[in-house]
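Look at TrEMBL and you will find 16-38, 538-561, 573-595, 607-631, 638-657, 696-716 tagged as transmembrane segment. Feature annotation from TrEMBL assigns domain 'ABC-2 type transporter transmembrane' to 19-156, 510-710. The annotation region 'Disordered' is assigned in TrEMBL to 482-501.
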Amino acid sequence: MIKAEWLKILKTRKMLVSIIAVLFIPVMYAGMFLWAFWDPYAGLPNLPVAIVNEDKGAEMDGEKLDLGDTLVEKLVDSEQFNFIEVSKEQAEKGLNGRDYYMILEIPTNFSDHATTLLDDKPSKLVMNYIPNEGLNFLGAQIGETAMDRVRAEVNAQVSATYAEKLFDSIATLGDGFTEAADGSNKLDEGAQKVANGAKDLKGYLEQLASSTIELSNGTDKITKGAGDAAKGANDLSTGLVKLQDGTVQLQKGAQQAANGATSLEQGLTQYTQGVAKVEAGLNTLNDKQQQISSGAASIAENAGALNGAANQLTSGSAKVEAGITALSNQLQGMMASMPEEQAAVLKQTLAELQAGSASVHNGLNSLSAGTEKLQAGANQVSSGATQIAAGQAEVLAGANTLTAKSNALVEGAKGLQAGNTTLAAKLGELNAGVKTAVTGSKTLASGLNELANGTTTLNQGTSTLASKSGELAQGSATLADGSTELADGTSTLSGKLGEASEKANEVHANKDTYDMVGSPVQVDKESVNHVPNYGTGFAPYFISLGLFVGALLISIVFPLVEPAIRPKNGAAWFTSKVSVLAFVGLIQTILTVVIVKWGLGLEVNNLGYFILTALLTSYVFLALIQMLVSIFGDPGRFIAIVVLILQLTTSAGTFPLELIPSPLQVFNKLLPMTYTVQAFKSSISTGDMTFLMQNYGVLLGFLVAFLAITFGYFMLLHTKRYSKVAEEN
């Protein structure tokens with residue numbers, strides 16, 4: 001039966017030629033497809049791309065910046081595409097006329113936007129990429145991938161330029177920190193002097209408060225003596241009036257006059273003592289007042305200098321902090337588009353700057369607090385000094401009044417004494433003496449009343465002086481505390497500025513640093529089961545496709561059911577057809593392997609398993625086609641085409657299975673091409689023998705199942721077709 005089948009093929013030239021032609025179908029399918037798509041990226045230098053450079057350039061730190069020209073030069077030299085620099089009109093015309101696959105347009109403000117990094121609102125560099133997707137979608141996709149690489153190169157170049165400027169700014173900032181540290185050292189020295197002066201002032205003011213208490217006690221005694229003297233003068237005046245009414249009461253009046261003179265003498269004694277104490281207190285007050293004035297002037301001068309220095313430092317710190325804050329805000333947009341490592345470098349640099357600025361800010365807060373307390377103490381000293389001056393003026397006014405009226409008092413006392421003498425010597429002149437005494441007593445009473453008023457004013461002034469000198473002493477204590485805190489704050493400020501200066505000066509950037517910031521990540525590709533090109537990656541898919549198409553076409557040129565002669569039984573019939581298909585599958589496999597392996601240069605991991613996989617694939621597809629066509633005839637071929645379509649879309653030979661629609665994924669495990677593709681991948685690329693054997697097992701299962709079904713069909717067909725003929729014969 002087998003011999004008859006082959007003799008029929010050899011004798012039928014048309015069938016023989018057709019079968020021979022079909023033998024080359026798999027190698028034509030697989031070979032042509034793999035040859036065409038073996039390495040499409042190798043032809044990218046031939047893909048025409050128009051470049052339109054409208055960049056007008058810009059200036060950055062006094063240097064000319066022409067990023068557009070630089071980019072065009074690098075792109076042309078890179079030979080990634082066939083870059084052709086043309087005008088915008090020529091590019092659009094060529095794109096519409098299918099002369100160019102895409103346009104890369106560099107706008108006029110390309111370089112200008114690169115200089116806006118430190119602006120309030122920095123602008124991104126924009127390149128317009130215009131592909132003609134209708135001309136060739138894959139070409140546009142390849143171009144888009146290449147544009148991503150171009151963008152990465154531009155990002156690296158611009159980032160390196162930005163990094164250079166940033167590190168220059170950091171160096172300048174470090175110099176500023178050094179100068180600020182030197183200034184803060186001088187400020188610290190001044191603050192120490194102010195603190196020492198405040199302590200001395202506190203001692204002086206405490207002595208002043210003690211002296212004003214003694215002065216207040218003396219004025220109390222003066223007030224009491226003046227009151228007693230006024231009372232005596234009033235009594236004297238009353239007695240003299242009575243003396244004038246009658247000489248009878250002359251003796252009594254004389255006695256009263258003597259008593260009044262005695263009281264007057266005592267009052268004058270007390271008055272003299274009080275005036276002496278007033279003079280001593282005024283002298284002490286005058287000395288302390290001069291010391292206070294000198295100390296207050298020194299403090300005011302130093303406080304003014306400190307306040308000016310603090311204001312300058314505060315203003316400078318605010319500018320530094322505002323600059324760092326603005327720099328951080330301006331870099332946020334850029335960091336979002338940077339790689340994580342690049343963003344980490346920038347974040348670390350900004351964190352160090354912000355830490356230094358925070359240290360400066362804390363030191364200036366301490367300095368501000370100290371200067372405020374110093375100012376408050378100085379104000380209290382000034383207020384107390386003013387009040388002391390006012391009290392001293394009142395005391396001086398009272399003293400002047402005492403001095404002026406004491407003369408009148410002395411004159412009255414003298415007149416009284418003269419009158420008593422005259423009264424004793426010449427009673428005849430009593431009336432005249434009495435009149436004189438009355439006049440003197442009135443003068444004395446008036447003077448003593450004025451003296452009492454003056455001593456009251458003196459007492460009030462000394463009380464005010466004592467109260468304000470106490471407040472002044474308290475203010476000096478506050479001033480001393482504030483001066484101490486100021487000294488501590490300036491010391492802290494000096495230390496922190498020194499640390500900030502050291503950290504800033506530790507940053508030493510060079511070209512390697514700029515390149516690191518511009519392109520911080522170097523990707524080292526370490527492929528597992530390396531696939532050198534597209535052809536190698538697509539080989540499992542296209543070889544499976546070619547062998548399936550070859551199996552499908554053999555069913556057209558070779559009758560899969562009709563026997564060459566009458567079969568003896570179904571098994572012989574089945575065997576005769578399978579023998580031809582097995583030979584065809586073997587030849588197709590050999591041709592395909594030879595052309596793909598040695599003609600195209602396909603690199604395989606295991607040549608033996610590669611050949612075995614191709615042979616098993618061919619036999620599985622031949623068995624599938626034989627089963628469908630034998631049972632269903634021409635509709636079987638249609639079913640085979642449907643199966644082919646499902647296999648092409650679900651076998652994961654091109655895109656990963658997870659990327660195709662979910663409803664199609666269910667067919668992946670049900671069709672044989674899934675396992676032929678996986679088996680080819682194992683034998684060509686991965687070398688995973690365990691996985692390869694698993695796929696062999698599934699394919700052998702398909703093969704046995706298809707052959708068993710076909711064998712059963714031939715047995716049934718033989719019984720149905722030839723059993724009746726045998727009975728008739």
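Cβ atoms here come from the backbone N, Cα and C positions, even for glycine.
Remember, TrEMBL labels are computer predictions, not curated facts.
Residues 26, 543-544, 547-548, 550-552, 554-555, 560-561, 577-578, 581-582, 584-586, 588-589, 592-593, 597, 637, 639-640, 643, 672, 676, 679-680, 682-684, 689, 692, 696, 699-700, 702-703, 706-707, 709-710, 713-714 of the same chain lie 6 or more positions beyond the ends of the transmembrane segment (607-631) yet place their CB under 8 Å from a CB of it. The DSSP breakdown of the domain 'ABC-2 type transporter transmembrane' (19-156), given as helix, strand and coil counts, is 70 helix, 25 strand, 43 coil.
Here the transmembrane segment (538-561) touches the transmembrane segment (638-657). Their Cβ atoms form 3 or more pairs under 8 Å, with each pair 6 or more residues apart. If you look at the transmembrane segment (638-657), the same-chain residues 6 or more away from its ends with a CB under 8 A from one of its CBs are 538, 540-541, 544-545, 548-549, 552, 555, 624-625, 628-629, 632, 664-665, 667-668, 671-674, 676-677.
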